[in-house]
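**Student:** Have a look at this one before I ask anything.
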Amino acid sequence: ATPSPPTLYGLCSCEQPNTDGSLAYGCLAMDYIPQITSVSWKKDNEPITTGLKTYPSVLNKKGTYTQSSQLTITESEVGSSKIYCEVRRGESVWIKEIPDCKGDKVHPTVILTQSSSEEITSRRFATVLCSIIDFHPESITVSWLKDGQHMESGFVTSPTCGVNGTFSATSRLTVPAREWFTNKVYTCQVSHQGVTQSRNITGSQVPCSCNDPVIKLLPPSIEQVLLEATVTLTCVVSNAPYGVNVSWTQEQKSLKSEIAVQPGEDADSVISTVNISTQAWLSGAEFYCVVNHQDLPTPLRASIHKEEVKDLREPSVSILLSPAEDVSAQRFLSLTCLVRGFFPREIFVKWTVNDKSVNPGNYKNTEVMAENDNSSYFIYSLLSIAAEEWASGASYSCVVGHEAIPLKIINRTVNKSSDSSDHIWIEDNEEESAIDNASTFIILFFLSIFYRAAVTLVKVK
């Protein structure tokens, strides 16, 4: 048979690039005789040695041969280079340029959007989204500028996503609210196949009430300290930016918050609590609430500890019943518990009936007030009860807790059978003088003047 050269065809997959960005090129040699020696590939003038698959030659019915070879290569590897298929037989060489599998160039549409002023103020940061839509080929470069200067951080660009033969991507810029409201210009710059597009957006000129976070630490309740093995410390952070992190430490040791960060009463506040042992609190150890956020140059810290009290004063407890005519004539009567002469001011007062806790809605405690010499404090509590309950012989106790009390708790109990013709019961410390007893009696006497009005208020409530 007479030798004949191969006819070469360059092939390109009609499918768009795979999700990994790879392309498939084909080289088909037909109608040649005798068989060819080799099929190879080049990118410009550089040999390609990977991604190749050459199939065995096939003898056709008319006595000639056909052979094919496939090249798989990524779009980024091809770039702007040209791909060639080279066929050899002895000293003869045939070369075929393969069509561009990347398709036509399509430059992207670039759109900038921003979060609303209300969202920026509440979250304490602005979000600018640069949407890069419908481009081909896949390779792009995205950068951000602030007032014309390149930014090195504060933005994240997503991987490209291919749909229907084109690609899309997004780049998200985050700007602290304090900086956003200074009228700076931010630019999203997109480069694609030698063409650069820029889109600008200007921060708002509206002033922002973006004050620094403020930390307020709350100690445990005195009732917790006196009655429980663990106590709760509370950290309230106002003016808190969105995504703020609150943690606790004791000296250099991190503490685990028992309750995660949660919204406070205000939209821009968060609350974090931690449980510690009562013994640790009473020891005077220092506990820190640490507030951290990307907008803060350094974390904010505030500390709390139990202050040492040297001049402890134990309270005296006195109880007054409504006047006798009220007991007989009214459906409701009142008991008043006066607690005085104590220091420091932290104290709790509550009531029980027959050793069961009374609903706090049935009694009213006043604020703790300083006595005349300002060296001690007093408080009183007014309990409203039904006359028939009192007549049944129920026992009512005023329960007082204070750190100066040896057993931490004082119970003062009265009932219908208590022996007191003037309806006043007084329990005093042994150190109390006759003058103290007299002052207590006088205070209770004046309180009794207002009992009818006080009981009425409690009933209305």
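Each Cβ is built from the backbone N, Cα and C atoms, and glycine gets one as well.
Not measured: the values here are computed from a predicted model.
Copied straight from Swiss-Prot:
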type: CARBOHYD; residues: ASN164; note: N-linked glycosylation site
type: CARBOHYD; residues: ASN200; note: N-linked glycosylation site
type: CARBOHYD; residues: ASN245; note: N-linked glycosylation site
type: CARBOHYD; residues: ASN275; note: N-linked glycosylation site
type: CARBOHYD; residues: ASN374; note: N-linked glycosylation site
type: CARBOHYD; residues: ASN411; note: N-linked glycosylation site
type: CARBOHYD; residues: ASN415; note: N-linked glycosylation site
type: CARBOHYD; residues: ASN437; note: N-linked glycosylation site
type: REGION; residues: 1-99; note: region 'CH1'
type: REGION; residues: 100-205; note: region 'CH2'
type: REGION; residues: 206-308; note: region 'CH3'
type: REGION; residues: 309-418; note: region 'CH4'
type: TRANSMEM; residues: 438-458; note: transmembrane segment
**Student:** When the Cα-Cα distance from ASN200 (N-linked glycosylation site) is computed for each of the glycosylation sites ASN245, ASN275, ASN374, ASN411, ASN415, which gives the smallest value?
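**Tutor:** Of all the candidates listed, ASN245 is nearest in space.
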**Student:** Below 8 Å Cβ to Cβ and six or more residues apart, same chain only. Which residues does that give for ASN415 (N-linked glycosylation site)?
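**Tutor:** Set apart from ASN415 (N-linked glycosylation site) by at least 6 residues yet with Cβ under 8 Å, we have TRP390, GLY393, ALA394, SER395, TYR396.
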**Student:** Quick one: DSSP breakdown of the region 'CH1' (1-99) into helix, strand and coil?
**Tutor:** 4 helix, 56 strand, 39 coil
**Student:** Nearest to ASN245 (N-linked glycosylation site) by Cα distance: which of the glycosylation sites ASN275, ASN374, ASN411 is it?
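**Tutor:** In terms of Cα distance, ASN245 (N-linked glycosylation site) lies closest to ASN275.
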**Student:** Counting by DSSP, what is the helix, strand and coil composition of the region 'CH4' (309-418)?
**Tutor:** 14 helix, 54 strand, 42 coil
**Student:** Whole-number answer please: how many Å between the C-alpha atoms of ASN411 (N-linked glycosylation site) and ASN374 (N-linked glycosylation site)?
**Tutor:** 26
**Student:** Within a 10 Å radius of its Cβ, which of these glycosylation sites (ASN200, ASN245, ASN275, ASN374, ASN411) has the fewest neighbouring Cβ atoms?
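**Tutor:** So among ASN200, ASN245, ASN275, ASN374, ASN411, the glycosylation sites given, the one with the fewest Cβ atoms within 10 Å is ASN374.
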**Student:** Please count the residues of the region 'CH3' (206-308) that DSSP assigns to helix (H, G, I), strand (E, B) and coil.
**Tutor:** 11 helix, 47 strand, 45 coil
